[in-house]
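Here is the structure we will look at, set down as structure tokens.
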Amino acid sequence: MARTHILGFPRIGERRELKFAQEAFWRGDRTEAELRDVAAQLRRRHWQLQADRGLDTVATGDFAYYDQMLSLTALLGALPRRFGLDPARLTLTQYFELARGNREQPAMEMTKWFDTNYHYLVPELDAETTFDGGPAWFFEEADEALALGLRARPVLIGPVTYLWLSKSHVAGFDRLALLPQLLQGYRRILDQLKARGIEWVQIDEPALCLDLEPAWLDAFDTAYAALREAGPKLLLATYFDTAADHAQRAAALPVDGFHIDLVRAPEQLAAWQAALPAHAVLSLGVIDGRNIWRTDLRRVLDTLRPVQAALGERLWLAPSCSLLHVPVSLAHEVRLDVELKSWLAFATEKLDELSVLGRALNQSDAVVAEALAASDAAQASRRASRRVVKPRVQQRLAAVSAGMADRASPFAERIERQRQALQLPLLPTTTIGSFPQTAAIRQTRAAFKRGEIGALEYLERIRAEIAVAVRKQEALGLDVLVHGEAERNDMVEYFGEQLCGYGFTENGWVQSYGSRCVKPPVIYGDVYRPEPMTVDTARYAQSLTERPMKGMLTGPITMLQWSFVRDDQPRATTARQLALAIRDEVCDLEQAGIRVIQIDEPALREGLPLRRADWDAYLDWAVTAFRLSASGVQDQTQIHTHMCYAEFNDILPAIAAMDADVITIETSRSAMELLEGFGDFDYPNEIGPGVYDIHSPRVPSVQAMERLLDRACEVVPPQRLWVNPDCGLKTRGWEETEAALANMVSAARALRARLSARGATTWKRLSKPAAATAAAVPHAGNACTACATHAN
């Protein structure tokens, strides 16, 4: 009998109950007991969903009040010492302070969970870190499930992955030195689970899918030799990529089973079957835990039947990874197009699919004939639907030539024409795009969406906001202006709503971090632009000023990365379709008199595959998509792009290949350290290193920004430098925004004056600046939350 199980379930609730309970607790409107009660209700509901579908075990320990890595850090007792907390007496208030900071300490660093759009809290380790245990919440959850008569299978992030994802602020400290102490902490956890009669524990080790150095591979041997003595059977789970190259070594570990991701890496099945010990189970992730499309159940059954014949009861079935990454249920999607809805499966529906697969294997296809027929119908509907494949899009895509991704002239020639056309001063000042989204702006958009105000009144209100933004920028003395984006709820949904091939859910929320949830749009078919999206707004904004007004667009890779993407064609193909749609908008903006056009790509690095061997292929099509979107304009039109919170050094050749005339980046928190890579690489185009951190309400002084600009000039010649904040300003208030921008303009003018006094437009390149004293860049490798898709 094949067993069925899941690796984890979304914790937010189908109506985002956890989010609202968290935020009420933070406001002081709910007690800790009330928050705990909401959490317990959600856990029971989610376990019951699994039990009702006949799953052999229910996942426990996958719940977290904020983040599973933070909860494991608390369970181990490895809290950052700077907070001065007693792990054994940790309260929920203190737990949340670790994630959100307090008056004395900033929050723990947050970054992306592998290549997903979920963020985790990064453990802070050093030689003094101990793993003596913390609150008993993890065990209490297992007790809750056992008390309900359920077969609990607790879920733990494995010790090697935990160390891999941690960091140390002590230079040269080897995190692996902590492995022996860490394993003692894990053994105590497993001992307590064994004492409760737990048969199986799921140990997640997605790090096994990465490029690991020998010392880290050796750590797996050490870790599982130690944990074997603890008692419960261990299911070692990998996901997000192939672990086939480590299959032989992993199979020798003293564990009782393995989980592999056959959605992301179906080719690894043969290697794992060949390596699997005779005693071990093999859990196959055959339902996509990261996307929302229904599974082709017959195709999966064709894959599973030979495996079942070989393994018998040692075959387990599961989604590819935790269902954390998909919405909870389709039940509340009452307005979603009926045909599109029939193609989708959220977490609850994926439980149904898993149940069907298990019953088909363990009984017969006849028992689930109706469900298999429905699956067949959904697949046939997608293949035949006229909304999916658009001949004119396919024809246009086929006609794309390599030369279409190239500007007419090289940068050295373009920039001279742009300088002549734009007549900007040395060190031109600008912002990244958005201005404060006031309550009045949000209310206007909501009223229009509800039909409470008409299109004309909505347009008048938005134009009034644009006029305010333009006046404020002129008064501040900025050189290149923006319209402020008052009409945009976010940088992906706004464009997706105007592109064919996109769909939108009402309740398709997914946790990004803590209480922050995102509702990604759905790319279901060929993408094209039926009409201009931003041209009228940009034209109006430009009419209010003589200064250059930037057109503001989201790039094709960010549109792709922050959506649920169709799975019936390569992502590269969808990216090219998006690029052509954006290209049309870029050309129309130019025709409307917009001389500076920004195409934001904060998610470019997020798309990198986990294995470096796969990077070149991704970067090739991603960079080509950007170039295709940007290259239809004349030399005089200046193309900007923006990237934030990223480590660029290992992909600088690809960034240079994008050939944007100006790139703006986040650098203020790292005291311009990030810029050094651009200098060492001799980045050829213009660059705007952010001179102040928009994520902080603190208004930086003129002197502080001057120091950052001085440092920037040591790396990049001043004639190629722009002056700008780190990111968009939508999350800030107007008072702090105006004060910070006024200081920024003053800093730029002061440096211009100093350069002018020397009669110089160049700056002698000094030796590398001393190491920064600023905190390390958070979200390394990821877009910042100010650039994230619409969240709530």
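Using the three backbone atoms N, Cα and C, a Cβ is placed for every residue, glycine included.
Taken from Swiss-Prot, the feature active site, proton donor covers His695, and the record attributes it to sequence analysis.
According to Swiss-Prot, the feature 5-methyltetrahydropteroyltri-L-glutamate binding site maps to Arg16, Glu17, Leu18, Lys19, Lys112, Arg516, Cys517, Trp562, Glu606.
Residue density at Asp600 (L-methionine binding site): 27 other Cβ atoms are found within 10 A of its Cβ, drawing on all protein chains shown. Feature annotation from Swiss-Prot assigns L-methionine binding site to Ile432, Gly433, Ser434, Glu485, Asp600.
On its own chain, Ser434 (L-methionine binding site) has Val482, Gly484, Glu485, Arg488, Gly728, Leu729, Lys730 as residues at least 6 apart in sequence with a Cβ closer than 8 Å to its own Cβ. The L-homocysteine binding site annotation in Swiss-Prot covers Ile432, Gly433, Ser434, Glu485, Asp600 and rests on sequence analysis.
Residues annotated as Zn(2+) binding site in Swiss-Prot, with sequence analysis given as evidence: His642, Cys644, Glu666, Cys727.
All chains included, 30 other C-beta atoms sit within 10 angstroms of the C-beta of Cys727 (Zn(2+) binding site).
All protein chains shown were included, and the count of other CB atoms within 10 Å of the CB of Glu606 (5-methyltetrahydropteroyltri-L-glutamate binding site) stands at 19. The binding-site residues recorded for this entry are Arg16, Lys112, Glu606, His642, and the Cα of His642 lies nearest to that of Asp600 (L-methionine binding site). Put simply, Cys727 is the one of the binding-site residues Ile432, Gly433, His642, Glu666, Cys727 whose Cα lies nearest to the Cα of Cys517 (5-methyltetrahydropteroyltri-L-glutamate binding site). Within 10 Å of its Cβ, the residue among the binding-site residues Glu485, Glu666 with the fewest other Cβ atoms is Glu485.
Here the CA atom of Cys644 (Zn(2+) binding site) lies 14 Å from the CA atom of Lys112 (5-methyltetrahydropteroyltri-L-glutamate binding site).
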